[in-house]
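Everything on this sheet refers to the single structure shown next.
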Amino acid sequence: MNLRHLTHRFGPAAGVIALLGLIVAVAATLFGHLDADAGLSPFGSTISDYAAADRSGPVETAIFLAGAAALPLLAALKAAGAPISRTVTVLFGLWSAGLMVTAIIPTDPLGHATMSTAGYVHRYASTIAFGALVAAGIALVAGLRRHPAWRDLRHVVAGLSAVAVASAVAVTWTTYLGDRVLIGLAERTLAAAMLGMLILLATRSIRLRPATAPAVLRARAA
């Protein structure tokens, strides 16, 4: 049994696993914010600041789960006949790897005058992860338009990707030029848009039976 057959057979289960992972990640992040250090603010502190303040806590666990969930989601999307190109596959892989590295290697706690090597690794892994997922969303839009079973999602995915791009620009500006003003709000908007897209895709992959994949693949070739 080759990889394609395995993906086709276990795709529905992979979609459920991915969706559960994403939902647990969102819930854990919210819980971690409710029980966080009083010096942290969701508007002025990044998600990584919350994770660094509580190592191995719910926020750090959520970051890892969100990255890990991309792998079964990718299998589920392919099984459901989603327009997943090689480029999108690579971008999903970068999101997954980058976010898991971000969870394993924490940022520096607030108050450090200089950034450590680990802090730089964390920052750039996070940048690569979110940049890759935003690019994946943009790349998906054209493919979704050509597939009847997925076409209705194209405007939502495009809208979420646009919000993510605007938020990423805001995060970059406030990090380097804006003295981190409202960096937490901008980053959370970016994360919400991208996680919303992943949850949407996971939900659709579960609704579509693997048996629909051949028909969608024929539409891709047309």
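Using the three backbone atoms N, Cα and C, a Cβ is placed for every residue, glycine included.
Keep in mind that this is a model prediction, so the values were computed, not measured.
Residues annotated as transmembrane segment in TrEMBL: 12-34 (among others).
The transmembrane segment annotation in TrEMBL covers 62-80 (among others).
The feature transmembrane segment is assigned by TrEMBL to 87-105 (among others).
Same-chain neighbours of the transmembrane segment (125-144): 48, 67, 82-85, 87-88, 91-92, 94-99, 101-102, 105, 150-151, 153-154, 157-158, 160-161, 164-165, 168, 190-191, 194, 197-198, counting only residues six or more beyond its ends whose CB sits under 8 Å from a CB of the stretch. What TrEMBL lists as transmembrane segment is 125-144 (among others).
With a cut-off of 8 Å between Cβ atoms, the residues of this chain six or more beyond the transmembrane segment (156-176) that come close are 130-131, 133-134, 137-138, 140-141, 144, 182-183, 186-187, 189-190, 193-194, 196-197, 200-201. According to TrEMBL, the transmembrane segment annotation covers 156-176 (among others).
A Cβ distance under 8 Å defines the sequence-distant neighbours of the transmembrane segment (182-202), meaning residues of its chain 6+ beyond its ends; these are 15, 18-19, 22-23, 25-26, 41-47, 49, 66, 69-70, 73, 76-77, 82, 130, 133-134, 137, 153, 156-157, 160-161, 163-164, 167-168, 170-171, 174-175. Among the features that TrEMBL reports, transmembrane segment is placed at 182-202 (among others).
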